[in-house]
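Per Swiss-Prot, the features are:
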REGION    1-43  region 'Disordered'
COMPBIAS  1-26  compositional bias 'Basic and acidic residues'
COMPBIAS  27-43  compositional bias 'Polar residues'
CARBOHYD  Asn30  N-linked glycosylation site
TRANSMEM  55-75  transmembrane segment
TRANSMEM  91-111  transmembrane segment
TRANSMEM  121-141  transmembrane segment
TRANSMEM  146-166  transmembrane segment
TRANSMEM  179-199  transmembrane segment
TRANSMEM  214-234  transmembrane segment
TRANSMEM  255-275  transmembrane segment
TRANSMEM  284-304  transmembrane segment
TRANSMEM  317-337  transmembrane segment
TRANSMEM  343-363  transmembrane segment
TRANSMEM  382-402  transmembrane segment
TRANSMEM  410-430  transmembrane segment
Amino acid sequence: MSETRDPRTHSESSLEKGTHPPHQDELATNSTTKDASPVITSTPKKQGAKAWLSLAAGFMGMFASFGWVNCVAIFQAEYEMNQLRDYSSSQVGWISSVLFFFMLGVSPVAGRLYDGYGPRLPIMIGCFFHVFGLMMTSLATRYYQFILSQSVCSGIGTSLIITPAMTAPTTYFHDRRALAGGVTIAGSSLGGVVFPFMVNHLLSSIGFAWTMRACAFLILVLMVITYTLISSNVTHIPKEFKLKNYLTPLRECNFLLLCLVSFFMYWGMFIPYVYMVISSIHYGMSVQMGYNLIPILNGISFFGRIVPQFWARKYGICNVFILAMIASMVIILGSWLPSRSNAAIIVFTLLFGFVSGATIGLGPMIALTISPPNEVGYRMGTAFAVAGLGALTSPPIAGELITGNGGDYVYASVFSGVAYAVSTLVMVILRVRLGGWGLTTKV
């Protein structure tokens with residue numbers, strides 16, 4: 001790290017080695033040639049009030065967007081047992097998978113808006129789509145209406161919120177970017193605790209329609225605060241849209257490997273996220289207790305998104321991420337697969353909540369590490385879009401496996417574990433490319 005290199009050589013190799021060009025004049029030069037490239041205006045050693053307010057805003061934005069998405073398992077169970085009880089698990093699963101797809105797949109658009117206009121424009125548009133979609137969901141009675149409102153409209157809104165909420169605060173924290181990113185992402189865990197409790201208790205008292213409206217009003221308040229407080233430490237210059245900016249990073253082997261890691265990780269992760277509640281009810285857990293699994297999962301996930309950031313700072317992001325992926329695979333196959341009693345299911349929920357939180361929190365930080373600062377927005381969007389393809393397909397595939405196995409969840413669990421195994425293998429290859437075979441090398 002301390003050796004001196006020619007700036008051009010360093011710039012050309014920076015993406016492959018996971019480092020950033022070190023000179024501000026070099027960044028400024030790149031910004032004139034890259035499309036919608038934000039330019040770093042300063043590198044403060046001490047963060048002021050503006051930085052901390054932006055971090056708080058990012059936390060609230062993730063609370064209202066990804067935090068809401070974290071309670072999809074409740075709606076999978078609710079729809080299968082009530083509103084859409086005439087539909088199969090696979091058909092109901094499309095509501096969640098389409099939501100995941102738009103949440104992740106629209107990220108290139110969100111990244112483009114963020115790079116060109118800053119965090120507030122995509123957050124304002126995303127707030128409208130997210131709140132409007134939930135309001136329309138409160139009126140939905142047919143299958144296609146749930147797809148259009150909760151999956152498409154609200155999904156687009158969450159995507160437009162997540163990218164700037166997660167990215168903008170990190171521009172202030174150059175020395176602790178991973179930790180700052182972990183703090184903002186942890187907002188989704190807290191949202192994943194509050195919203196399930198809120199939905200669970202309101203459904204029985206005020207009904208489905210007003211439950212959705214109450215959640216939408218809370219999200220609206222949080223998003224107004226987020227819009228007011230958030231900012232970034234870069235200058236955003238809108239320029240002509242060029243599709244190649246999103247496709248060019250895929251030519252880089254390291255970035256392509258990271259996209260494959262994301263695809264298979266989300267392929268495996270969203271199966272327990274979607275089917276955890278309904279599978280626990282299937283194996284004898286009460287509906288009330290089954291619904292409470294989601295806030296338990298997300299409560300533990302909060303620590304999973306924060307604590308590993310400190311480990312990553314000491315041992316390396318990639319190293320800690322690989323360990324979390326291996327743990328996820330083992331927990332899926334060794335705990336969720338054989339779990340039939342309430343105690344075993346709760347133990348799985350606690351374990352998976354922590355390790356899944358770690359992978360969700362560390363994954364975007366790896367993308368930040370191997371991307372130059374002036375390309376973070378659309379590179380992050382591209383990686384999320386690829387992950388969205390995995391999120392789109394895994395719940396319906398798992399649903400077909402469940403239906404084909406007489407309603408049992410064994411094959412779906414195996415599918416999830418194998419997807420994690422493939423993702424881990426690809427991540428090991430990426431780690432070796434970045435830091436070599438040394439087990440003690442910090443990567």
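Positions of Cβ are set from backbone N, Cα and C atoms, glycine also.
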Contact call for the transmembrane segment (121-141) and the transmembrane segment (410-430): at least 3 Cβ pairs under 8 Å, seq gap 6+
no
Counting Cβ pairs closer than 8 Å, which of 255-275, 317-337, 410-430 has the most of them with the transmembrane segment (91-111)?
255-275
Among 55-75, 146-166, 179-199, 214-234, the most Cβ pairs under 8 Å with the transmembrane segment (284-304) come from 179-199
CB contact flag for the transmembrane segment (382-402) and the transmembrane segment (255-275), at least three pairs under 8 A
yes
Is the transmembrane segment (55-75) in contact with the transmembrane segment (179-199), using three or more Cβ pairs under 8 angstroms as the rule and ignoring pairs under 6 apart in sequence?
yes
Would you mind listing the long-range same-chain contacts of the transmembrane segment (214-234), meaning Cβ under 8 Å and 6+ residues beyond its ends?
38-42, 44, 50-51, 53-54, 56-58, 60-61, 63-64, 68, 118-120, 123-124, 126-127, 130-131, 134-135, 138, 161, 164-165, 167-169, 171-172, 195, 198-199, 202, 206, 373
Same-chain Cβ contacts of the transmembrane segment (410-430) under 8 Å, 6 or more residues past its ends?
254, 257-258, 260-261, 263-265, 267-269, 271-272, 275, 279, 318, 321-322, 325-326, 328-329, 332-333, 336-337, 390, 394, 397-399, 401-402, 404
Please check if the transmembrane segment (146-166) comes into contact with the transmembrane segment (255-275), where contact means 3 or more CB pairs closer than 8 Å and the residues in each pair are separated by 6 or more positions.
no
